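K.L.:
Input: one structure, supplied below.
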């Protein structure tokens, strides 16, 4: 029996860089595409590159007042606009106005939010909803295209640990996280990997719009279970650090080195 | 840095400084730890003093608050009259100069070890102003011999005619320990352990020097036939020649970044014609110098704002004279 799912074509796509101002790959890819967007164009598709936190980008810092990638919840988005609000909350409302509003028909179809991490996570795609078939197919396509370069899928669906991301205002939010890269550093190899992830994502959307059929697939994901903080002393300073075995990815034992 | 006075005296006043840059975490964590538990820094003939150089930057986990503390130790900054609007780090440099200096005076500390990290792949790097500080060169040699399996390079950073400006230039002798790669604000266990071991070995060397000829049993230094405990040797080092900036747009923004073939290749030869930058549009920029150079501090995060993508160094070998040892002493100082 053939299983048909009819979806509307994707029309409006945005690529966000600089949500964290010191995660430079997204910042420079977006700046480059604002100058010369040929690489991200696909027929029939509007693809808009956009710097989300320009003040943090200018200072090369993660944020000015608070983390932009945590304030797209209804509470913050609904606050009355005022100069007293943290910069990032005001900015979130502007972005919601431009690319949302969140949970409405007018919001962008897809937002790719570009991030780096100092962790050794390689190419990671972040999924917010385990029942989003469209994105599961997209991620499968990207992962297959990148092979043999590994590409991991991180599922942040969790009743309390899921956070209100910048990209969550879109119908299909996609987090792209590539590391390891120090904050404030731009590595050519990481840039190349992120660039490829975007290329394959846009190819997928284009193929989808052209009516291509994607057979059923399965993906392996890493689902968030809990957050683990460092041991801290009475002043809140860290009192121990990640054990060398865990730092290098040996997951046989989860131990903490105390000093 | 001036050479040691004759006749040589034991080194009594030694400081180990962390947090000169508040987001270079190996030194920050070690300094904080030793301020609570300094036992590890004690030796029979002296106790090293731990110092957290930039407390405000450390609390904010930033390199600096107003300006780079490790550039603030010039006589211009140190001797100018204090002003309430002075940058935080200038005021702090004057405080550290009172504590560890005054620079170029007889009351200055004997030795300062300054702990740093870099985002560049420099492994273990010993940072000295120049080859003139014979004591520091002997210490470097000792540290290199401690872990022969791990490359430990010496970087000489002072340009000809340039005044010294670093924290350790305040003391009679000093050395920077630079370990990488480590992201700013991140603490890696492997680098922390290595930094801790290097500091211990450095303090052991000072103890060895202070002991005089009596107690060298079991340690590596052999008396030469002239009876010197610290004989002359040949040292290989990398001396700074110049810096190279990233390719930039007219507005000063980056137009490309360090080429994948140069990235992580600190201390490896860079030959004319080799690629150094990759433009965002895809084109390669090639090294157009006349001779082979040895790049260091390749793609260090803190140097983007200084207009430095990497330093070009020349690799050289030079003779380090014997270090006059102390006269035999009856027993270690209390």
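Glycine is treated like the rest: Cβ placed from N, Cα and C.
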K.L.:
For the Zn(2+) site that TrEMBL gives with B:21, B:24, which of B:83, B:116 also belongs there?
P.N.:
B:116
K.L.:
Please report how many Å separate the Cα atom of residue B:116 (Zn(2+) binding site) from that of residue B:178 (active site, proton donor/acceptor), as a whole number.
P.N.:
5
K.L.:
Can you tell me whether DSSP puts residue B:24 (Zn(2+) binding site) in helix, strand or coil?
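P.N.:
Looking at the DSSP assignment, residue B:24 (Zn(2+) binding site) belongs to neither helix nor strand, so coil.
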K.L.:
From the DSSP assignment alone, can you count helix, strand and coil residues within the domain 'AstE/AspA barrel-sandwich hybrid' (B:234-315)?
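P.N.:
DSSP classes over the domain 'AstE/AspA barrel-sandwich hybrid' (B:234-315) add up to 3 helix, 35 strand, 44 coil.
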K.L.:
When a 10 Å sphere is centred on the Cβ of residue B:24 (Zn(2+) binding site), how many other Cβ atoms does it contain?
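P.N.:
Around the Cβ of residue B:24 (Zn(2+) binding site), 29 other Cβ atoms lie within 10 Å.
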K.L.:
What is the total of other Cβ atoms whose distance to the Cβ of residue B:178 (active site, proton donor/acceptor) is within 10 Å?
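P.N.:
There are 25 such Cβ atoms around residue B:178 (active site, proton donor/acceptor).
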K.L.:
With every protein chain in view, how many other Cβ atoms are within 10 Å of the Cβ of residue B:116 (Zn(2+) binding site)?
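P.N.:
Residue B:116 (Zn(2+) binding site): 25 neighbouring Cβ atoms within 10 Å.
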K.L.:
Looking only at Cβ atoms, how many others are within 10 Å of the one on residue B:21 (Zn(2+) binding site)?
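P.N.:
Counting Cβ neighbours of residue B:21 (Zn(2+) binding site) within 10 Å gives 26.
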K.L.:
Around the Zn(2+) site formed by B:21, B:24, B:116, list the extra residues of the same chain whose Cβ is within 8 Å of the site's Cβ centroid.
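P.N.:
Here the non-site neighbours turn out to be B:19, B:20, B:23, B:27, B:63, B:70, B:115, B:117, B:118, B:178.
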